[in-house]
Amino acid sequence: MLGTADWSSGPFSLTEPEELGQVEVGIRVTGTFMRRCSEVLRADRGSLSKSLRVQPAGDWDLYTTLSMKREVQETSHLFVLCHGFLQLSQLLYSAYFRSTISTIERRYGLSSFSSGTISSLNEVSNCLLIVFVSYFGSRVHRPRVIGFGGLLMAVSAMILTLPHFLSQPYTLDLDLQKFDDLCNPHDNATSPESCGQEDSRRLADTTQVWILMAIAQLLFGVGSVPIQPFGISYIDDFAGHKNSPLYIAILFSVSVFGPSIGYLLGSFMLRFYVDVNRSGFDEFPEFSPVDPGWVGAWWMGLLIITAFLTLASIPYFFFPRQMSFEVNMAETETDSNDNLHLHEKDRSLLEFLKLFPRMFFRLLSSPLFLLLVLSQCCFSSVIAGLASFLSKFLERQYGASAAYSALLVGSLNLPAAAVGMLIGGVIMRRTGLTMKSIPRFSVIMLIISTLLCIPLFFMGCETQKVFEVNYPVAPPGSLPKCSASCSCPESSYKPVCDSNGIEYISACHAGCTNLTIDPNSTLRILVFTNCKCVSGADNQALPGSCPNSCSHYLLPVILVISLASLIACLTQNPLYMMVLRLNPSALADLRQQEHKPFECCPPKLTLPPSLLAWLPAPALFGMAIDMSCIWWKNVCGKKLNCGYYDNSLFRSRYVGLQVGYKIMGIFLLIILGWKAKRIQEYDLEKKPKI
């Protein structure tokens, strides 16, 4: 038999592997004798088909390897494309929700503290579950887990739209006044605790939106946990050492520019009226986004994002758990690591949970690393405050509409921050900043960024004069109310403005007893007349708030904020690289655990900023904004959102909190730079000695 021959030399090399009594002959074929091998196989195909295994070793082996590599590359390209789309959809959700936060406040009567808390609730579930990423990273089907996470985020986006469909239609508050808003001296004044059916429904809607949005945000946090760590580790496993940096850079570029698209989408959707899907708005064709009482369709963009998240999640269920090329070609590479990490794979979840706190606090026990992490938490808090309330700051201080303020943030501020991050990466690569020079560079850039924020304290106007709120200046109760006999509802908030630039909470609070209706629209009021609280000969008031006198500051302010953001973001990449250099044990893990390089890092490196910055900062900024309120809207005796702010306090506390965080971060970096003089340098391109 040909199978029993022993050719130790020549064009063929036959071996007899031992497999359960069946002789399996392996033919190693060199490229020079491919034709002779084919002739022999054709001559005795029947006898060889059951006992021979052809294993080409030359050109055929190279062809097979290249084919498998090409297949893996194509799959890697497809995975990067899908993952980029999913990350973009995820960022669209976060940025879009923050771009509409002021509109949701106005629609449902939420305070800034409440809206800030809701916007950060996703960090709660994220922090609780991110610790499990390290344990399950190599034990689960990563693409499918990512797919389930994407679908869960789609469900959360859909839940976020439910308050619109479950609540009563929005009442136009300003231009389209009701006759019962006039002063009626014959009725008794309404008690603050009195509550009609409409007010009761409004309170129920406020409670409902709190519950639904909290659930949606918590679910979103759960779904977002595996997206980045599992996606990046999957790419790094199968893309190869040469291609994975490029693929990961593409994903990070999406994460840099994705928020801008979210804000631009918010700007576009807020130009549609909130109840555009309900009948009745066609009766008010003159009502537009520039009107102070306008509430945009904040929910429409979430439906688009839901569709994006769903479409982006489906392809993940068709990706393999691991690619054949990696399995075949990396077996020899992972053999040496198998014994090293065998005890990690066999470790139970309970043992892992007991070990993780010790590993985490051991990492934070390094003074240098702790200083660096705390400084990054300070800068992350500034970003969280800007992302959550910059649009509201522009609206309240400079009279911008919600749609226009979102457009400015998405087209100027966020792109400036993204450009700063990219330039910071280029500076890090070209100049080769060391661990001793990174703190110095960062301190200089952050000082410049902080100094640019100083003019913002003075780029604003005084608070609008509101009758019986902050004008006339007198102790409460010292002056008799001219509208005391008008039976004005406590929940009424439909401002009017007189010719002297004095604003009133409503026509009733201005003492107006009559009105003039637009002849072209019976529902639009031109002017309120016979207003006994208005000084002057005309005794008239126009519907709507008084014009903002600081609108000319709007563009200079957003340009200054964008420039300060660009300069501050120059330090983002160097500081992140310093995190790795200060943690050589993490680098050792990265080098040793090549089959799961990034899964050990997110809990250690992202947990402190989430707990200390992204979770509390929005609520803290919201609390500071609420503390500058001088008049709250009330419904049934319950305080809702703020009607009027002290502009000077609002501006000083919002900008001052950002400056305070930056100064704290700079101080920590100065201490870090002083202590880093004696620290050993770690090169990211070299393998640390273990």
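Quick reminder: no glycine exception, Cβ is built from N, Cα and C everywhere.
Bear in mind that the values here come from a model prediction, so they are computed numbers and not experimental data.
Sequence annotations record features per position, and here TrEMBL assigns domain 'Kazal-like' to 476-532.
Annotated transmembrane segment per TrEMBL: 145-166 (among others), in sequence order.
The transmembrane segment annotation in TrEMBL covers 209-234 (among others).
Only residues 6 or more beyond the boundaries of the transmembrane segment (246-274), in the same chain, are considered here, and those with a CB under 8 A from a CB of the stretch are 76, 80, 83-84, 87-88, 90-96, 98-100, 103, 107, 164, 170, 231-232, 235-236, 239, 281, 287, 289, 294-301, 304, 387, 401-404, 406-407, 409-411, 414-415, 418, 421-422. Summarising the annotation, TrEMBL assigns transmembrane segment to 246-274 (among others).
The transmembrane segment annotation in TrEMBL covers 294-319 (among others).
TrEMBL lists 368-390 (among others) with the feature transmembrane segment. Residues 95, 98, 101-102, 112, 115-116, 119-120, 259, 405, 409, 413, 417, 446, 561, 565, 568, 571, 575, 578-579, 582-583, 608-609, 612-614, 616-618, 620-622, 625, 654, 657-658, 661-662, 664-666, 668-669, 671-672, 675-676, 679 of the same chain lie 6 or more positions beyond the ends of the transmembrane segment (368-390) yet place their CB under 8 Å from a CB of it.
With a threshold of 8 Å between CB atoms, the same-chain residues lying at least 6 positions outside the transmembrane segment (402-428) that come near it are 95, 99-100, 102-103, 253, 256-257, 259-264, 266-268, 270-271, 289, 294, 296, 383, 386, 390-392, 394-395, 441, 554, 558-559, 561-563, 565-574, 577. Feature annotation from TrEMBL assigns transmembrane segment to 402-428 (among others).
If you look up TrEMBL, you'll see 440-460 (among others) marked as transmembrane segment.
Beyond the transmembrane segment (553-571), the same-chain residues lying 6 or more positions past its ends with a Cβ under 8 Å from any Cβ of the stretch are 379, 382, 386, 390, 394, 397-400, 408-409, 412-413, 416-421, 423-424, 427, 441-442, 445-446, 448-450, 452-453, 455-456, 459-461, 662. Residues or ranges marked as transmembrane segment by TrEMBL: 553-571 (among others).
Taken from TrEMBL, the feature transmembrane segment applies to 611-634 (among others).
Per TrEMBL, the feature transmembrane segment maps to 654-674 (among others).
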The domain 'Kazal-like' (476-532), counted residue by residue under DSSP: helix, strand, coil:
0 helix, 18 strand, 39 coil
Over the domain 'Kazal-like' (476-532), work out the mean pLDDT and round it to an integer.
79
Which sequence-distant residues neighbour the transmembrane segment (145-166)? Criterion: at least 6 residues beyond either end, Cβ under 8 Å.
83, 86, 89-90, 93, 97, 108, 136, 205, 208-209, 212-213, 215-217, 219-220, 222-227, 230-231, 234, 274, 298-299, 302-303, 305-306, 309-310, 312-317
Look over the recorded stretches 209-234, 294-319, 440-460, 654-674 and say which has the most C-beta pairs under 8 A to the transmembrane segment (611-634).
654-674
